[in-house]
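Here the structure is laid out as structure tokens; the discussion comes afterwards.
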Amino acid sequence: MSHLSFHLNDTMKKNNQSCLTEFLLLGFSDFESMEELLFCLVLIFYLIALMGNSLVLLVTIASPTLHTPMYFFLWNLSFLEIGYTSSISPKMLMILLSENQTISFWGCGCQMYCFLLFSVTECCLLCAMAYDRYVAICKPLQYPSIMNDKKCVNLTAISWITGAFVSLGQSISIFTLPFCGSNRISHFFCDLIPVLKLTSIDTYKNEVANAILTVVFVLVPLLFILFTYVLIISSILTMPVATSRHKAFSTCSSHLTVVLLYYVTIIAAYVHPNSANSQDNNMFLALLYIVVTPSLNPIIYSLRNKEIKVAFKTSVARKWVFLGNNPAS
């Protein structure tokens, strides 16, 4: 393993020696008049994402009633969302505030790795959550035995391991290429395609690999999720009691809303023909799935989920009781 790491590091140094040591992130260069507004908006959504997802993490841990497979996956999703937006947002805010658009070569590589790690892991985890809802509604009697602790941990571990390996492979394949030309990235973060455009050699193989990965980890998971929801909705419609149907729909609606928010923006950004306005559109869509979506997810789950609202109120009540019984001296 150490020999492999040494060989990889040596290869990257040889390919990039006396070439680029940093990049310029020029995504906001055409929006100088809006930089202050963008900074405020990004900061607000980023803080909402941090606080909202952190609150979900704390509530699901503190409340024993939420120690179920559904909320175990939700806990992981909230953790993912914090990492996902934090891999890009701080640097974005720094660029908007200080106008320092530089990012080091290795910093760019780390940013791409983290972004891909959280993106691929989230795609896999959303599939696991869809499977959990399918078993809960279509096979309720078998649910405890199928979705046991071991199965939940395994599905989550597979999601994280898949994300780690895919992101590592993609990052290495890109940053071992020679970068000896322009260092101007036409984006506000180190996304795959804008970085690939700066390499000094033909990147056809890398672009094909990226297209394949997009299909495998974006379109295939989406089709799987949609298929499970066809089965779920079919099962719900056969339920004889209206209250049972309403409860089943309410437990799935939050997850389905999150899935649609995430995948619609991702697909719109990455699965479309090139056009004159595609660059600006991509940056706008990137802002949505990097900053806005992570801030909306905890709100969606909180507003449409009675159990989380009850658990939150209970946690707050316990805190007040504790403070009341332990007044400051």
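Keep in mind that glycine also has a Cβ here, set from the backbone N, Cα and C atoms.
According to TrEMBL, the protein carries these features:
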DOMAIN    52-301  domain 'G-protein coupled receptors family 1 profile'
TRANSMEM  36-61  transmembrane segment
TRANSMEM  73-97  transmembrane segment
TRANSMEM  103-131  transmembrane segment
TRANSMEM  152-175  transmembrane segment
TRANSMEM  211-237  transmembrane segment
TRANSMEM  249-271  transmembrane segment
TRANSMEM  283-303  transmembrane segment
Check the transmembrane segment (36-61) against each of 211-237, 249-271, 283-303 and return whichever range has the most CB pairs under 8 Å. 283-303
Please give the sequence-distant neighbours of the transmembrane segment (283-303): residues at least 6 beyond its ends with Cβ less than 8 Å from one of its Cβ atoms. 27, 42, 45-46, 48-49, 52-53, 55-56, 74, 77-78, 81-82, 84-85, 88-89, 92, 187-189, 191, 254, 257-258, 261-262, 265-266, 268-269, 309, 312
